[in-house]
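Visitor: I grabbed these lines from Swiss-Prot:
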ACT_SITE  Asp13  active site, proton acceptor
ACT_SITE  His41  active site, proton donor
BINDING   12-18, 40-42, Arg304, 330-332, 412-414  GTP binding site
BINDING   Asp13, Gly40  Mg(2+) binding site
BINDING   Asp13, Glu14, Gly15, Lys16, Asn38, Ala39, Gly40, His41, Thr128, Arg142, Gln223, Thr238, Arg302  IMP binding site
BINDING   Thr298, Thr299, Thr300, Gly301, Arg302, Pro303, Arg304  substrate binding site
Amino acid sequence: MSSVVVVGTQWGDEGKGKITDFLSKQAEVVARYQGGDNAGHTIVFNDTKYKLHLIPSGIFYSDKTCVIGNGMVVNPKSLVTELAYLHERGVSTDNLRISNRAHIILPYHQLQDRLEEEAKGDAKVGTTLKGIGPAYMDKAARIGIRIADLLDKEVFAEKLKTVLELKNRMFVKMYEVDPIEFDDIFQEYYAYGQQFAKYVCDTSVVLNDSLDEEKKVLFEGAQGVLLDIDHGTYPFVTSSNAASGGVSSGAGIGPSKIHHVVGVCKAYTSRVGDGPFPTELDDEIGHTIREVGKEYGTTTGRPRRVGWFDSVVVRHSRRVSGITDLCLNSIDVLTGLETLKICTSYEYEGKHLDEYPPNFRVLEKCVPVYEELPGWTEDITGVRRFEDLPENAQRYVRRIEELTGIELLTFSVGPAREQTVILRDIYEA
């Protein structure tokens, strides 16, 4: 039996989808455990590019079970749209399983998300406005509606009426906007539920049975550890546990059943949205990295902020997620830069900081301490063995291993599947 968790070690967009797709080749079950359609990942399969937001990357393999776990928040409309998107392209979804305990996102969540973000003004956190945060808020407040409720017409109607009374009171009195009517939601969203009802089950049973049968199970994280609700750059975070600990609660398996935690990062750093970013580059080098790396959000299309590799960030992710293996993506993007920099620590008001501080006001004033390494000019997009990388590229990668304390599992020199080089079998380790 071997289970592997894939997490982002930075602020998301590290290329987890590609790595998950790569590791899916050997896995028998692929599961997501947190987040919603705010997380986009791009996968290249059979020379075709696909963009998914909810459904796990393993969906392209008909012999693998794909699970949407109970820790996710699911927009029924988005899910139906994504299923149709796959069906139109000839991709079967018969291998999909959806947790009956997952909470759903409804139109009032998206409205609440927008109104709250607008009300914050300059203090906004840069939400994707998908309704993720309000849905998790309702879950914690015990007024959320789950997929099991959505499929029961009477229960759905009863719960929807109750929640709308609360929400509309807030919308009308607090934000002075028109209320949302019951009929604007009920029939449409009940119909969505019926369209994916055949996939719904107790996914905790599916996952635990698979692990007990010694199947290879891959858990696919969304966003990144620095966006984790507890361990990220709070309050500029998502509303769920993106760290590996989210697997136990979000998939319904015990922590003793997790064997490997794979951390994915880029050879530099990127971020979408607001919040502190110590190594951010606002110069020509930053512009070059953004354009060469095509750093624009899968979900929002927003240009990503980019910066040098920050080992303080990745060490923090390693510690709070128990990361055992490292996947380093987008090394090729750095080709042609004369000098590369890696942040090894921070300076804050004369103090030396080796660990990531929790106070975002402190982070905003942190000055990165850099180590410089020589770059390379050789085209590395065709490299398929580590030893074939230019000497300076090898030195750069090995230094990242040393500074983060994580052994390299894969490295990527381009977006295509064959441009990801795996150094060992994670399932046999």
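The backbone N, Cα and C atoms fix where each Cβ goes, glycine too.
Not measured: the values here are computed from a predicted model.
Give me the local environment of each listed feature.
Guide: Around the Cβ of Asp13 (active site, proton acceptor), the number of neighbouring Cβ atoms within 10 Å comes to 28.
The secondary structure of His41 (active site, proton donor), as reduced to three states from DSSP, is extended strand.
DSSP assigns Thr128 (IMP binding site) to coil in the three-state reduction, outside any helix or strand.
Counting only residues at least six positions away in the same chain, the Cβ atoms of Asp13, Ser270, Arg271, Val272, Arg290, Glu295, Tyr296, Gly297 sit under 8 Å from the Cβ of Arg304 (substrate binding site). Look at Arg304 (substrate binding site): DSSP puts it in coil.
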Visitor: Of Gly15, Lys18, Gly40, His41, Gln223, which recorded positions come within 10 Å of Thr300 (substrate binding site), going by C-alpha to C-alpha distance?
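Guide: If one measures from the Cα of Thr300 (substrate binding site), the recorded positions that come within 10 Å are Gly40.
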Visitor: Using a 10 Å cut-off between Cα atoms, which of these recorded positions sit near Lys18 (GTP binding site): His41, Gly301, Arg302?
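Guide: Candidates kept after distance check: His41.
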